[in-house]
Amino acid sequence: YAWDANEEYLFKAMVAFAMRKYSSKSTTQISNVLLCNVTDRVSFWFVVTDSPKNVTTVPGSEVEAAIRMNRNRINSAFLLSDKTLQFLKITSTLSPPVESSTPVWLIVFGVVLCLVVAGIVFLVVGGIQKRKKKNKASTERENLEEKGEVTVTVENGVPCEALDLKAGHINGVFAADDERFTSL
Amino acid sequence: LSMPPEIPKEDDRPKWDNKFQYILSCIGFAVGLGNVWRFPYLCQIHGGGAFLIPYFIALLFEGIPLLHLELALGQCLRKGSISAWNTISPYLGGVGVGSWMVSVLVSLYYNTVLTWVMWYFINSFQEPLPWSVCPLNENRTGLNEECYESTAVNYFWYRKTLNITPDVTESGTLQWWLILCLAACWAIVYLCTIRGIETTGKAIYVTAIFPYLVLTIFLIHGLSLPGATDGLAYLFTPNLSTLKNPRVWLDAATQIFFSLSLAFGGLIAFSSYNPPKNDCEKDAVTVAIVNSMTSLYASIPVFSVLGFKATTGYWDCLDRNIISIINEFDLPEESIMRQNYTAWISFLNSSYPEKIAGLKLKSCDLQEFLDQSVSGTGLAFIIFTQAIILMPGSQAWAILFFIMLFSLGLSSMFGNIEGVFTPLLELRIISKSIPKELLSGIICLICFLIALCFTLGSGSYWIDIFDSYAGSLPLLVIAFFEVIGVAYVYKIKRFNKDVKWMTGRKPNLYWQITWRFISPLLLLIVFVAFVTLQIQKSPSYAAWNPKHEGFPMKEEKVYPPWVLAICVLLAVLPCVFVPLVALFHLIKRMCRSKDPSFVPPEVFSCQGANS
C-alpha cells in the first residue's frame, strides 16, 4: 500500500494510543504527535508533545517505553513486522522458542525403538519355535528309525526269527500216531 | 528299512531367494553414503565434467576387474573370506583375516555415522526445525553466543548433536542422546541381519530401492529451485587443465575403489551364497555400472540444491546491502533491485565514495558462495540442512533426506556385517550348536559397546581418524594381495577354468590383461602415491573451538604422538596379518616336512568342490 496522509494519520493515532495506555493519561491527542522530515523512503522523525499548547515534548525514554509495550499492536495496524517497521533505538525483545514439555524427538525415538524391538522379538521367537519344531520332527524321525532297527529278541539263546513263528504246522508223524489210539 | 540318503553339503548353506535379491544386495553394499557426499565434491573440485575421464578409466581398469575377481572367488569357493583364502592357499589366509579385520573396524564407526543421521531424522518432526533457530542465552537478552557467531546449523551440529570438545585429547563425556540413537541403530542392524542373508535379503528390497525414489524426488524438486542451473553448470563445466594434476587421478582411483566396497570380504560372502553356475561376469559389470551411474545421478540433486543455497545466500547478501544503501540515502523502496544493484553501486561510488565506504558493504560474489565446497558429514549435516530450511515444507524434505541417508548407510552396513558374520560361522572355533540369532546378537552387542567410544565429546575426531586410516590404506594392500594371489599363486589358468565352468565361457582378453598386469600395477601405483601423499603432510585435523580467535573458522591442530601411534596401528593391523599368516604356515611346513608321514593336501579346484 502507498504511504499517504491517511497512513500518517493512522500512525499518529497509534502513537497517541500507545502513550495513553502507557501513562494512563487520557489527555494525549492525535494533534500532540508531530511528524517531520518525511522522506520517500518512508522514514521520518516524530515527537510527542505534552500539552495541547505543543510546547514541551515528552521525554524520549517515555515514548520508547510506550512503543515497546505496544509494539505488537502497532505492527498489526500496519500489517508489518519488527523487521519491516523499524524504530531506531528500540530493539525488539526476543521471544523464546516454543519448547514442549517432552522433547518431540524422544517421542519419535520411542516409536522407532518399540517397532524395532517388536520386530526382533517376533523374529527371535519365530526362530525358537522353528527350532523346536525341527527338533520335534527330528526326534520323531529318530524314534521311527529305532523301531525300524528291530531289536533282536532272543529266546533260549535262539533268535526268534530262526524259529518259525508263523503258525504251528502239522507234524505229520504225530498226526499219524493219533490213529493208533483206540477211540473211546 | 533303509536310512535316508546322505544330505549333500550344499543344502545346509543358506541361499538367496532369487537372483535379484543378490544383485540388489551387492548394489546396496556398493552404493553408500560416499556416492552422495564424496563423489559430487570430487567432481566439483577436480574440474567438473573432466573428472569423469579418470573416473571411468579407473572403473574400467581397476574397479570392474577386482569386482569380478571377488564375486567369482566367492561363488566358486562358496565360503566366507577367511575360509576362502585359506582354501586358495594357506599362505594367503592372512588376506582373509585382514579383510575380516577391516570389516570389523569399519562396522564400528560406520554405524555411528548412521546414529547421527538417525538423530537428525528424529529431530525433523518439529516445527520449526531445531537447526533453523538459535537458542537464547541464559539471561534471555540475546542469542546464544556460540550460535550467533557461527550459524544455527553449525551450532546444532557441533553443540547439540556432537557436543564436540576443542581437542581430540579431551574426551569429554558420553552424550546420552547419542547413546540412545546408537542403541536404536544397532538394534535395527540386528533386526535386519539376525539370520544372515535370510533377513537381509528381505530388508534389502526396501533399503536398496528407497534411496533411488528419494533421489528422484529431490531431483525433480531440486531442478525447480531457483539457482539450480547455476549449481549444475558449476558442477559439470569441464576444466580439462585439472587432468594434469596427478592428485586428480589418485582421487579417481581411490574413489572407485572405496566406492565399490572392494576388499571388505562382504562381496565374497554375498556371492558365496549363490548357486555355483551363475554368470558372475555379468553381475560384476552390472553392479559396477549401477554404482557409477548412481553416483552421477545423485550428484544432480545435490548440486541443484547447493546451487539453490548459493543463490539464496547471494541474494541475502545483496538484499542486506540494498537495505543499508536505501536507509543511508533515503531512497524510495524498491528503487534498487538485485538486477540494477551493480549499476547503482558504481553510480553511488563515483558520487559519494565516503558514504559507501562508511557503510562497510560486504562484497557479494555468487562464485564465492558456489566455491564453498564441503564433502562428507559437513555436506549432509551443515550445508544440506541449511538448504532444507530455505525450502517450503522443510520438515518433509528433512525427513525424506535423512531416511534416504539412513537406507544408503544401512544397506552398506549389511555388507559389512555379512563380511564379519559369514567367516565366523565357518570357523571351527564357533560350535555348530550356537543359533545364528545368538551369534549375530553377540556381534552387534560387542560392536555397540565398543562404538560407545564414538559417542564421547571427541567422537567425531576419532571417526575421522578411523575413516582415514582403517578404511583406506589396508584395503589397498588387501586388494593388491587378492589380485596377486589369484593371478600368480592360484594361477590364472586354473581361475579361467573355474570361471568358464561357472559362467559357461572363458574370460576374454580384457579380463586376462587386467587381472594379470594392469590391476596389480595400478593398485601398486595408487598405494605408493597414497602413502607418499600421507607422509608428506603431517597429519592434522580441524577442531571446533569456540574460544579460538578465528572462530567460526576451525582451528588447525596437529595430532599428538599417541594418537598418531593409534593411526599407524589402525592402518597396519589388518595388513600385518598377510605376512604373519604366511610366515606361520611357512614355519609349520618346515617343521612338518621333517615328518615323513606328512601327506600334502589335495590341489583345490572349483569343480571338485561342487560336483
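In case you wondered, yes, glycine gets a Cβ from its N, Cα and C as well.
Residues annotated as transmembrane segment in TrEMBL: B:20-39, B:45-67, B:88-110, B:174-192, B:204-228, B:248-270, B:369-390, B:396-417, B:438-463, B:469-492, B:513-535, B:562-587. As annotated by TrEMBL, Na(+) binding site applies to B:Gly28, B:Ala30, B:Val31, B:Asn35, B:Ser259, B:Asn291, B:Leu408, B:Ser412.
If you look at the transmembrane segment (B:248-270) against the transmembrane segment (B:513-535), you find at least three C-beta pairs under 8 angstroms, all six or more positions apart, and that counts as contact. Touching of the transmembrane segment (B:45-67) and the transmembrane segment (B:562-587) is ruled out by the presence of fewer than three CB pairs under 8 A, sequence neighbours closer than 6 excluded. B:Val31 (Na(+) binding site) falls outside any helix or strand according to DSSP and counts as coil. Cβ neighbour count for B:Gly28 (Na(+) binding site) (all protein chains, 10 Å cutoff from its Cβ): 28. Remark: B:Ser259 (Na(+) binding site) has B:Ala30, B:Gly32, B:Gly34, B:Asn35, B:Arg38, B:Phe39, B:Gly63, B:Asn291, B:Ser292, B:Ser295 as non-local neighbours, by Cβ distance under 8 Å and separation of at least 6 in sequence. At the 8 Å Cβ cutoff, the transmembrane segment (B:469-492) and the transmembrane segment (B:20-39) share fewer than 3 close pairs (sequence separation 6 or more) and do not count as touching. The transmembrane segment (B:174-192) shares more Cβ pairs under 8 Å with B:438-463 than with any other stretch in the list B:88-110, B:396-417, B:438-463, B:513-535, B:562-587. Note: the stretches the transmembrane segment (B:369-390) and the transmembrane segment (B:513-535) are not in contact (fewer than 3 CB pairs below 8 A, sequence gap of 6 or more). Cβ atoms under 8 Å from those of the transmembrane segment (B:396-417) belong to residues 25-26, 28-33, 35-36, 103, 106-107, 110-111, 113-114, 117-118, 120-121, 124-125, 129, 188-189, 192-193, 200, 203-204, 206-208, 210-211, 214-215, 217-218, 221, 261, 264, 266-267, 269-270, 380, 384-385, 388, 440, 443-444 of the same chain, restricted to positions at least 6 beyond its ends. Same-chain residues with CB within 8 A of the center of the B:Gly28, B:Ala30, B:Val31, B:Asn35, B:Ser259, B:Asn291, B:Leu408, B:Ser412 CB atoms, the Na(+) site residues themselves not counted, are B:Ile27, B:Phe29, B:Gly32, B:Gly34, B:Ser261, B:Thr294, B:Ser411. Count of Cβ pairs under 8 Å against the transmembrane segment (B:562-587): among B:20-39, B:88-110, B:438-463, B:513-535, the largest is for B:88-110. In the structure as shown, the Cβ atom of B:Val31 (Na(+) binding site) sits within 10 Å of 28 other Cβ atoms. Counting Cβ atoms from all protein chains shown, B:Ser412 (Na(+) binding site) has 26 others lying within 10 Å of its own Cβ.
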